[in-house]
């Protein structure tokens, strides 16, 4: 069993902790709690770089080792880092669990050392017709991020 964690930080008052677990070659389970967000859907992605020297802007594009277009988590054509949306309640918090087979914690495609980012707006899952739909899901600004680190 491989475990990882990302502690989210933000200049906008958003905070949270995201846990990742993977058993062998099974899909990775992602469990998180985030607070300080506006109610509604927020894009949630693994970004390519674990660099926060310039805040969340330094994390690069969505993690996309296969060079595909942006899509929904259940789509065949998607970035590996496309994890869809998290749903934030009226109290500004989100608690969620998801599983995904394209974000392993071990091996050459590992997401350890990369970043997880919560966006200001909903991810249109590549289906919105906006000029950014096929690259970012038109999910808006980066409101919180954290580097995915290995846990003991």
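Even glycines carry a Cβ here, placed using N, Cα and C.
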Binding-site annotation, Swiss-Prot, Zn(2+): partner of 70, 79, 82 in 47, 62: 62
Additional residues around Cu cation, ordered along the sequence, whose Cβ is within 8 Å of the centroid of 45, 47, 62, 119: 43, 44, 46, 59, 61, 63, 81, 82, 116, 117, 136, 139, 142
For residue 45 (Cu cation binding site), the one of 70, 82, 145 that lies nearest, given that the recorded positions are compared by Cα: 82
For residue 70 (Zn(2+) binding site): intrachain residues, at least 6 apart, with Cβ closer than 8 Å: 62, 78, 79, 82, 125, 126, 133, 134, 135, 136, 137
Recorded positions compared (56, 62, 82, 145) - highest count of Cβ atoms within 10 Å: 82
Env. residues of Zn(2+) site, Cβ within 8 Å of mean position of 62, 70, 79, 82 Cβ: 45, 63, 64, 68, 69, 71, 78, 80, 81, 126, 135, 136, 137
